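Take a look at the structure set out below.
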There are 2 protein chains.
Amino acid sequence: MKKYNVAVVGATGAVGREMLKILEERDFPFDNLKLLASERSEGKKLTCKGEEYVVEATTPESFEGVDIALFSAGGGVSKKFAPEAAKRGAVVVDNSSAWRMDPEAPLVVPEVNPEDIFKHKGIIANPNCSTIQMVAALKPIYDKVGIDRIVVSTYQAVSGTGKAAIDELRDQAKAILASEKAESNVYPYQIAFNVLPHIDIFFDDGYTKEEMKMVNETQKIMGDDSIKVTATAARVPVVYGHAEAVNIETKEKLTVSEAKELLDNAPGVRVVDKPEELAYPMQIDAESTDDVLVGRIREDNTIEKGLNLWIVANNLRKGAALNTIQIAERLIEG
Amino acid sequence: MKKYNVAVVGATGAVGREMLKILEERDFPFDNLKLLASERSEGKKLTCKGEEYVVEATTPESFEGVDIALFSAGGGVSKKFAPEAAKRGAVVVDNSSAWRMDPEAPLVVPEVNPEDIFKHKGIIANPNCSTIQMVAALKPIYDKVGIDRIVVSTYQAVSGTGKAAIDELRDQAKAILASEKAESNVYPYQIAFNVLPHIDIFFDDGYTKEEMKMVNETQKIMGDDSIKVTATAARVPVVYGHAEAVNIETKEKLTVSEAKELLDNAPGVRVVDKPEELAYPMQIDAESTDDVLVGRIREDNTIEKGLNLWIVANNLRKGAALNTIQIAERLIEG
């Protein structure tokens, strides 16, 4: 079996560390592994498959001889270094938002549009976490009956922001429980015991960038600009896992039992929907699974062809590191 | 000025205590105040307007001579004692779900359908918390351009469940932060650092009773069975305040600025919507206000006449105790 020279850029971050775990868990066939990060992290040691690796500062030359470069170091780093890696023959799978809407970069969820992987020109983009889990769950429905319109409200975990946000939530919760003042540095307001209807920057029309990612990325991944999506993205005081209340209008009628059967047979999707046993998807259950969990599937009788669903996934794994590595796996399968 | 004999049933509960605070804050014109609760709470002492009151066990005879009986002691108590109070000449304003859909009981949000108050036959029902804040915010829009359909996802605080749930959230958060096991007694699963897409019981069609309350109560309060509502209700790890992501389809087009102007002039509603200053409604801000906060107002371009809104209010005050007392105030104004 062919083995590959792999680089992980942003190896010391929350998603980067998750990538190392997943490369090990899935026994990704790498020959050499290069861990890259900012100068600040240079010299740090991390392990993967029992080997210790020393983190190096990222330079254009870091990518000499690299076959696959997995990026998760923010949009700025990706903008700067992904072309350098591609120029040197690496295929970049980038977890930032930098290349997602670039017409030359495929935007891929392997369960949805694996064929797009092979249209790359050196850079493949990994979608936004909240989009990945939604399209993974909706694809089987889309294929069967078509989808006209999606109304989605998100309940997103702080780990999507990074390690500092996890610490902030915990520190704030501790302070508030001790009747002390909670300090906000990562978010503009207290996130512990609160909900922020605000993720990423605001545009002039009042939508946030996170909300527009769900609109634009869904259309690009599905390869269908006619799918209408309107989103409200909110941050909840949860550490791991994003939840989404999703209302869809399909082109043809789909009953709840048909939807459950479709989703039961969909790759990467697990139906958790037995209300009589109080079984429904929850973020605490997403911590330990790679599946996209779908439940609370209900007919929406306010329209002729409508469904409500509750979709939950681990935002650091399926929403980021896992999807990135699944793209790389498909790429080398060819 | 005429003064009234008032009874508060369920005086020792979370909403009951809030009622006492509000009777005092708003200087409600009572002559005598009777605090009623279960036998378990008999003899407890509570204060209102500087006077100490001893809690009595509720019996049918407790309501002799009572003009206004404010109930918040659960559906069972209301079913049993509200008719007894009414029979003795009291007007009951009931915060439980017991009488809400009874055709003889008006269901009232004073900003929305104050005229219904005077149709009572002894019992007036106070709507569900998540419905109150939604209809209070949507009424001005409904009056101006009509509303066809509402898709709502809720982010509800644990205080809606009661004091035991507040304690459970805090205890669980403390345990988890100390890497100890979190115990769940009030909710079926951990609520700290988690979201439960489950409020009240499940019906056979997969909807919860909480979700159906939002459907049926909205139609009854608005006096319009043609308003279509589909809801997903979720409990978030927040102590006070419910938030709602609300998508509406109006009958006539309403722009964002028109919606803001309408809401700015609506009683009991406050627009908090300056994204450029990061001003949007949050649950932590609902703790200290009686207003329904509305923000994140955006045109939904997936339909011809659509808007998205983020609606937040204090579930114990406007969602319960305050609305109940506002009904009583209107009642005595005549």
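Every residue number used here counts from 1 along the chain in the order it is shown.
Each residue, glycine too, has its Cβ placed from N, Cα and C.
Not measured: the values here are computed from a predicted model.
Among the candidates A:Asn315, A:Asn323, the one that TrEMBL lists alongside A:Thr12, A:Gly13, A:Ala14, A:Val15, A:Arg40, A:Ser41, A:Ser159, A:Gly160 as binding NADP(+) is A:Asn315.
Within the same chain, residues at least 6 positions away in sequence whose Cβ sits under 8 Å from that of A:His242 (active site, proton acceptor) are A:Cys129, A:Ser130, A:Gln133, A:Thr154, A:Tyr155, A:Gln156, A:Ala157, A:Gly160, A:Gln283, A:Ala286, A:Val312, A:Ala313, A:Asn315, A:Gly319. Residue pair A:Thr12 (NADP(+) binding site) / A:Arg235 (substrate binding site) shows a Cα separation of 24 Å. With A:Thr12, A:Gly13, A:Ala14, A:Val15, A:Arg40, A:Ser41, A:Ser159, A:Gly160, A:Asn315 listed as the residues that bind NADP(+), the site has a largest C-alpha separation of 26 Å. A:Ser159 (NADP(+) binding site) sits 10 Å from A:Arg235 (substrate binding site), taking the CA atoms of both as reference points.
Neighbour count (other Cβ atoms within 10 Å of the Cβ, all protein chains): 25 for A:Ser159 (NADP(+) binding site). Taking Cβ-Cβ distances under 8 Å and a sequence gap of 6 or more within the same chain, the neighbours of A:Arg235 (substrate binding site) are A:Gln156, A:Ala157, A:Val158, A:Gly160, A:Thr161, A:Tyr187, A:Ile191, A:Val195, A:Leu196, A:His198, A:Ile199. Neighbour counts of Cβ atoms within 10 Å were taken for the recorded positions A:Ala14, A:Cys129; the minimum is at A:Ala14. Each of the binding-site residues A:Thr12, A:Gln156, A:Asn315 was ranked by the number of other C-beta atoms within 10 Å, and first place falls to A:Asn315.
Applying DSSP to the domain 'Semialdehyde dehydrogenase NAD-binding' (A:5-120) sorts its residues as follows: 38 helix, 32 strand, 46 coil.
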